[in-house]
Structure formats: structure tokens, C-alpha cells
Amino acid sequence: MATPTSPTKRSSSISSPAAGRPPQAVKFSRRTSSGRIVSLSRDDELDMSGEFSGQNDYINYTVLMPPTPDNQPMAESTGPSTSADSKRDTSRGYKSTRFGSDTQRPGDGGGGGGGSGGAKIDRGLSLMKSNNKSMLLRSQTSDFDHTRWLFESKGKYGIGNAYWQEDLEDEYDGGMSMEDFMDKPWKPLTRKVKVPPGVLSPYRLLIVLRMVALSLFLYWRVANPNQDAMWLWGMSIVCELWFAFSWLLDILPKFNPINRATDLAALTDKFDRPSPSNPHGRSDLPGVDVMVSTADPEKEPPLVTANTILSILAVDYPVEKLSCYISDDGGAILTFEAMAEAINFAQVWVPFCRKHNIEPRNPESYFSLKSDPTKNKKRSDFVKDRRWIKREYDEFKVRINGLPEVIRRRCDSYNSREEKKAKQLAREKNGGVLPEEPIKVTKATWMADGTHWPGTWFNPGTDHTKGDHAGILQIMSKVPENEPVLGHPDEKKLDFSGIDIRLPMFAYVSREKRPGYDHNKKAGAMNALVRASAILSNGPFILNLDCDHYIYNSKAIKEGMCFMMDRGGDRICYIQFPQRFEGIDPSDRYANHNTVFFDGNMRALDGLQGPVYVGTGCMFRRFALYGFLPPRANEYEGLFGQIKTPAQNVQMQSEDEDSDTQPLTSHPDLSLPKKFGNSSMLTESIPIAEFQGRPLADHISIKNGRPPGALLLPRPPLDAPTVAEAVAVISCWYEDKTEWGSRIGWIYGSVTEDVVTGYRMHNRGWRSVYCITKRDAFRGSAPINLTDRLHQVLRWATGSVEIFFSRNNALLGSRRLKFLQRIAYLNVGIYPFTSVFLSVYCFLPALSLFSGQFIVQSLNISFLSYLLIITITLCLISLLEVKWSGVGLEEWWRNEQFWVIGGTSAHLAAVLQGLLKVVAGIEISFTLTSKSTAEDEDDIYADLYVVKWTSLFIMPLTIMVVNIVSVVIGFSRTVYSEIPQWSKLLGGVFFSFWVLAHMYPFAKGLMGRRGRVPTIVYVWSGLVSITVSLLWISINPPDNSPTASGGNIQI
């Protein structure tokens, strides 16, 4: 190490011409590769070979400054250095001084004797003040050894964001400090996580191999007909050709599955941290309007809806940027008063969740958790707070459950009072005598303040039925203040000191309904909410939830916002989250979780143009929902869409630098008042929502962005004219002569309005994103009863048939739709038609056993080889699909089983209903999925065993009975035949058992609870099967066997 001496000694010793070597007071050393410190002084006889070899290397020195970003070279000095210059250079330190190397040898001239002496003195001073950095040069490259310099300088690292030496802070020019290095680099908010090539490459290869094998197999089947049973061969080959086509439609969009990840920390740093544009650290995130829809409090219990609202109000998102709306399409006072009770309870529930970081924030789900509630809880008052809030929630549930009786008693009381008034008035008019005619008094429904309920009454009356009532808009929670409102200790309640106790804005909405208007079911209700929210809050993003789907992950909205606010986010129309369900039986008998679709198909579509919209758990961009085009889009031409060109008819930005950061005010659609209706406030809100929904323009790669800090202004409070305008836009006549439902908002004309709405956005060039979070974003309920499940599937399939026969067919899509995305949407409209071929194919094994024939002439090696290859490749494809999607094998098998059950029942009925609507114009009515449970509250899966007969049971039940009987008949035929054809029996029995294996969950559903099926049923089933088989053998005896004369049975 270099040991400094006094400046006087250093100057005298170095200026002496006879010295010829460094002074003895200075010791030179270096660290070896083993870590030892060795001396490099002249007094020590060391081997200088290698890195430090060379004559008098320790005398010739070079002073270099560390390669810091602000270290700029200076012009080389040709004259002698003065003491002032030396002092100025040394005082500047690392900031802007760099000394070049001096390779002058002893005895060489240096531009004159005086100049040489001055240079030697200056070099000596530089040597002592730089701690002898000449020994830190690499001899081969003359580069500065920064690592060794850090060691020689006793750990003084220079300047940077890792270490800052406080005592040298004044020596650097420009007043630099540590804060100058603390600006974090720009980071993306999301990233793509590709499927490992070791899984995806074999997956794609197997798909291609199966396509080739399937083509060869179908060619062989067509070229080798069964001459003995052409009718059986013809039916089978038609079905197999359709199955191959259907499989291609399903598998081709799965060629490019991807995963995505978000960075919530980067989102917080970018939007919620103090910055020059946001000095107070307020949130710069855009607003979000959460919309919940409900229709019938009997099928959708108010307690379930109230828990959903509570989970929304407690979500982890800036309170002043969040608004919640509920659409009660039934106009029920029960839902209205349940929401009022929920807001009162939210005043303690929401701060409790914020104080203790509760997950999930649905109180019913939270208090039902089986895990330890104290896990990761560090506040000493948590147990006391949880006990108190649990008691409050129990009282809240009792109040909600008692609301129907409370409302009914109140209505009876007010109606009795009105009846007394009417009788008294009649008596006064009749001279003090009560008239003989009975006095009719309308049985009204009353609110708590003694006024009539404007919605649906318990006893329907004029202007007070489900299809005929006034519009209702009630703001139950006002617009919150822009600054946090901190709580305080309260002996009666909890200690919310330092906790923000504000609630987001909440509004109850029930649109106006009148006879003679088509209200368009859920789609019409959602469009009414879109218009009302545009007037009241105008959040640039809309989160759509069903009343039974609550927020399970309090950061779910922020997860979706990462995609919207990232670069390229201005082209995203919606973020679809997967649906997760609770209350499903452990075996998932009817594939209610639907994980093959949500984790397989949807993840694969995310690698194309984006997933389809599935009706709930979706965050929309309001501007895209209005029907506008994206800021940038591509068109795909060619047979397979392989030619990609930028779309020409998208509005181009001007060349002005600030054009990307200015609100959009000149969109051609904004000049058409009939398009959005006659509300000027609604029209004026559109460019504001578009501008606020843009990503942050904080990087050169961000296009169409907004400046930082543009969303820091507080929202103005609501006034009476604004609320009155919101009531006007939910009237039933507002949509007349507008494009609501045809181009704007949710699209009308289909039972599955969700799929059509997403398709129209993709057709305009928008793209969507599938957001799978580590913790489920949302959770809901699903029907576990067989009848309810089939009716749900019937509704979906009917909507798909309607899509196929409408202008929303993917075959008629624009060139902005990617080829594989078009295939996926085409499959959405075609898949129900597979039920026709599937039903026929399920009867083929029975027909084969009845007739003694098979779909092929014989089970030869070619047929079995093709069948084996196709089956093995399908199994391998399924295994790899399970691998990249994360679906379990049992879930995959349950999906296959219910595909057959639903295909032979609900899908077949949907095709018939769809054809009736298209051909005959018969309207289709759907059954609302029930969210309530069975009466047996001791068993949470009681609904699973309830058997509710429906006509959808007929076809699958017939298939099961026919196949069971056919197996018995086929076996009897073969046994009684003189020349048994066991190969045909084996083929028929194998396929019959394939059908029955897929129908097993359906059979369990018909049996009800285990053990309740009497034994006599099995006995009679066996006797009937044997009897029918013997009768069939008598009528149609086997070949080469003696026939019975006169149709009598001979044994």
C-alpha cells in the first residue's frame, strides 16, 4: 500500500536528480492472485517478471483518473506546469481532469532544463497526490486497472449511485450529489414469458404429424368402403370428416401459447411516487368504473351481491380514482336496501381491510377460510379487531336476511294506514256511512322514508312491474375527497388511526323500462351503465363483473392496469381475466371449472390477437367500447394472412411533437350526435376518456402517450344537473335512432352478447390481453346441478349458433383480423353443429352390434395401425397441452366427458333453437343461472344430487340405454352364431364402452345421492336387456343359423 509522507519531503526527494528512484518513505505493493500483498519497492529484491516486468518500471509512471461518466479529457499541455495549474488540476479531482502517460526516460530532454525540472516536480506532486497510480497500469495494454485502484485507494469508489463520499462532495463541479444518480431507469410494466421450446416445439410437431396421419387415415377410409354395410360406412365417414375439420378449428389457434407477467413495483414507482411532475406523490393512475349487474334477487341472493360490492369498495386502488355501479335490472327494493346496508357496513369493513391487509376482501369468503387468520399479521390488536368485525358482519348478515320480512311488514303497515284514510274519506263523502261497494286501495311497496318505491312492487301495479317502471339512480356514497381522510380511535368501533377511511363512489342504477321497447337483456343494462358512468365519473377504463364474481385479489385492477399503461397499451381494448369458481364438488363432475378453456384455449389466443370476451372479469377501455378504431392497426392479406401491412384508414397523428400528448378532439365520429344520443355531456366526455386512458409518455418507445402528472387534478363534486343528466341517459327512449347496440357498447342481437362485443373490437384492429395472476383475480360461483349446468351450456351454444347465422360470422370479418384469430372465432360459431355428428356417431356402435356389421370390412392391420397412430399422437398432444397450460389430467378427462354429454344434449338443442330463430323467427328465452344453493345447508354440495327433469336428458339417456342393450344383443348374437365373428363384436363393444365411459357423470347425476337408487332398478334393467336381446335374435337371427318359423322363439 502507498504510505504518504509530508509534502516537503516528497518535493525534495523527487526533485533531486541523483535520486533516480522513488523515496524510501513510499512503499509500493500489489495483491497477488492468491490474495497476498507483496512489496514492489526497490529495497526488496523481488522477481519483477510478468505483469510488472521492464527496466525501471517503477520510475516511469502514468497518472490516470477513474473512468467515471463525467471524466472528460483535457487538452495536453506542451509547456511547463505551474503550481497554480497543478493545484487547480488536483483540486478538480475526478471531475474533469485526466493526465496522459509520460514515458520519459532518465537523461532524456524534456523541452529545456527548466522545463524538465518543473515537469519532474509536477510529476512528483501528481504522483504523491494520486497515491502512485503508475503501478496500477496493465503493462500490456496500458489500461487503467480500476479494480486494483479501488483497493489502493482504501475503498473510495469515486462517484455513483452505489457509494458517495460525503467529505469530497464539495470538490466536484456543478453541485452534484447522491440524488443526481438516484433516477431509476425506465422499466416496462409487463413482459412476455414464452412457453419453453422443449414443450412447444414437440407440441407443434405432433400437431403436424397428426394432421398428416389423419389425412392418410381419412383417405384410406374413403378408398376402402364396407360393401356389406354401406349405410354404416357412409354415416361413419361423414362424421369422421367433420370431426377432423372440427379438430383443426380447435387446434390451429393453439400454435402460439404465451404467458405474461406484470411488475406492480414498477407501476407504483411510475404513478404513485413523488417526481418533478408529481411533487406530492399523488396517484397519476387513470380512473376505473366497476360495473356489477344483477336481475333477480330470488335467484341472485342480495347477500352474495352485497359481498361482491364490499370486495370492490375495499380494493387496493386509489380511492379517488375508483367508482362502483350496480345495475339492478329487476328494479327490486330488496336489492336497493341491501346495497344501503352494504354501504353502512363498508364504513368499518374497508378501513379494517386496509389496516390489516386482508385477503380476500369479501367478508363471507374471508371468514370462511380454513387457514390460520393470524398468519403474517403483526399488529397486536388484530385478534381484537377481527373478533369485533366478525360480530358486526354477523349482525349485517342477519339484517340482510331479514330485509324481506322487514319490507313486507313496513308495506303492510303503510298500506293499512292508506286503507284507513280511504275508508274515512269515503265515509265523509257518503254522509258518515261506509258505502257498500268495497274500497280498492293499491297495495304499494314503500320505502323507509314513507314514499312509494319507484321500481317493481311486490304486488305489481301500473308503472311498477319488472317490464314497466321508472329509471332509478341513487348515489349512496359520494365522490371521495382528493386527500386521504385519516381515522381516529373510537371506543365503540376500531382504532383507525393513520388509516384512510374514505370510500369510493357507489351508485345504484335501475334503467327505465316501458312496454313496447326492446330492452335487450343484460347488454341493454350494461349500455345504460356505460352512459350513466360517463356522466358521473367517466373513468377511462371499465371493469365488468357479475354479481356473484367478487374480487379475490385486491391488486387485480393494478395487474390489469400494467398492460393498459405499458408501451403499446393504447392498442389494447380489454384485459380478460380467467374465471375461477368456488363451491364446486371436489371431483368436478360436470367440468364446472372449465380449466381446459380458461387455461388452454384462452392462453393460446393471447399469442394471437387476444382472448375472447367471456362476459365477466374483463377490464375494458371505454374509448374502444364506444366503437372507435385503434390508434394503430395492421391488415393481413393473403390466403393465410401472411402479408402484414399497416392499416391505411386509421387516423394519422400530425407531425407536431406535442400531438401525441394532446386530447383527441377531431375524431370524425364525434360530429354525429345521433350516434351517441342527444346528451352533449356524454359526447363531451368521450375525448376526455380517450386522453386519460393513454399510457404515460415517459419513454421514446411510448406512442400516443399523455404527459406525466396530467391526472392529478381532483374530481369535481356531483351536482343536481349532472345527476339529472345521468337519469336521462338511462331512459328507455334514449337509444332510439342511435348506434348503441349496433356499433357502440355491448352489441345486441345475440344471447351471448359478450362474444360478439369482443369480436367486433378485434374486427376493428384492437387487440386484447389475457391476465393470469399468481393469486386468482376474481372468484365466483357456478351451477353444480346437472340441469342448471346443461341450461347454462344451452345458452352459450344458442348464442354461438346465432353468431354463425349473423353478420358477426368470422368468415365476414375484416382484413384486420389475424388468420388464426379468424379460425378461433369461426370455431366459436361452428362448434355446436358438431353435436349432430356426435349424436349420430354415439349410435353407431349400437347399430353395429344390432346389425352384426362394423364401420370397416374387417379389423385389418391398416385400420388398426392408423387408429393407433392417431390415438397416440392425440394423447401426446394432450399431455403436452397439459404441460404448457397447467391443466390437470383429471380436469382434461372431465372436460372430454362433458363435451360428449353437452354435445348430445344442450348443443343439439341449441342447433334446433338457432335454426328455429333464423328460419321461423321464433325468439329464444334463456333461464337465468341460479346462484342459490339447495335447502340442505348441512351439505354444501347438496345441489349436486338434486335431479330436476328436463327435456335435455332425453338424447343422452337414449344413447346410454341403446348402447347398453346393444352390447347384450351383440354378445348374444355372437354366442348363438354358428360362425362367431368376434372381431366385429370386439370393435362394436369397444366403441360402446367408449360412449358409456363418457356418459358416466351423466348417469351419476341421474342416480342422485349415492345409495338412493333401489336395487330393483338394476335387476329390472338386466331382465329387460336380456329379454330385448332374445327378442331381437328371434326377429333378426344371426347369419347361417336356423330361423324360427312364425316368428316364435326357439331355445
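Every residue gets a Cβ built from N, Cα and C, even glycine.
Annotation source TrEMBL lists active site at Asp329 (among others). Take the CB of Asp329 (active site) and look out to 10 A: across all protein chains shown you find 22 other CB atoms.
Close to Asp754 (active site) in the fold, though at least 6 residues off in sequence, lie Tyr613, Val614, Gly615, Trp746, each with a CB less than 8 Å from its CB. TrEMBL lists Asp754 (among others) with the feature active site.
Annotation comment: TrEMBL describes Ser293, Lys299, Glu300, Asp329, Lys521 as UDP-alpha-D-glucose binding site.
Marked as compositional bias 'Low complexity' by TrEMBL: 1-19.
Positions annotated as compositional bias 'Gly residues' by TrEMBL: 107-118.
The region 'Disordered' annotation in TrEMBL covers 1-123 (among others).
TrEMBL lists 648-672 (among others) with the feature region 'Disordered'.
Sequence annotations record features per position, and here TrEMBL assigns transmembrane segment to 201-220 (among others).
Residues or ranges marked as transmembrane segment by TrEMBL: 232-252 (among others).
What TrEMBL lists as transmembrane segment is 824-847 (among others). Under 8 Å from some Cβ of the transmembrane segment (824-847) lie the Cβ atoms of residues 232, 235-236, 238-239, 242-243, 246, 249-250, 253, 601, 605, 608, 612, 755, 759, 762, 797-798, 800-801, 803-804, 809-811, 813, 817, 855, 900, 903-904, 907-908, 910-911, 914, 955, 959, 962-963, 965-966, 988-992, 994-995, all in the same chain and six or more residues away from its ends.
Residues annotated as transmembrane segment in TrEMBL: 859-880 (among others).
Taken from TrEMBL, the feature transmembrane segment covers 952-973 (among others).
Packing against the transmembrane segment (985-1003) from elsewhere in the chain are residues 589-590, 786, 842, 844-846, 848-849, 854-856, 859, 894, 896-901, 956-957, 959-960, 963-964, 966-967, 970-971, 973-974: each is 6 or more residues past its ends and has a CB under 8 Å from a CB in it. The transmembrane segment annotation in TrEMBL covers 985-1003 (among others).
The transmembrane segment feature in TrEMBL is assigned to 1015-1035 (among others).
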Between the Cα atoms of Glu300 (UDP-alpha-D-glucose binding site) and Asp329 (active site), find the distance and write it as a whole number of Å.
12
Which one of these binding-site residues has the most other Cβ atoms within 10 Å of its own Cβ: Ser293, Lys299, Glu300, Lys521?
Glu300
Rounding to the nearest whole angstrom, report the longest C-alpha distance spanning Ser293, Lys299, Glu300, Asp329, Lys521, listed for UDP-alpha-D-glucose.
16
Long-range neighbours of the transmembrane segment (232-252), counting only residues six or more past its ends (CB under 8 A):
207, 211, 214, 218, 221-222, 225-226, 601, 820, 823, 826-827, 830-831, 834, 837-838, 840-841, 844, 847-848, 851, 853-856, 877
Using Cβ atoms and a strict cutoff of less than 8 Å, what residues sit near the transmembrane segment (201-220) while being 6 or more residues removed from its termini?
237, 240-241, 244, 247-248, 251, 255, 862-863, 866-867, 869-870, 873-874, 876-877, 880-881, 884
Roughly how many Å separate the Cα of Asp329 (active site) from that of Ser293 (UDP-alpha-D-glucose binding site), to the nearest whole number?
8
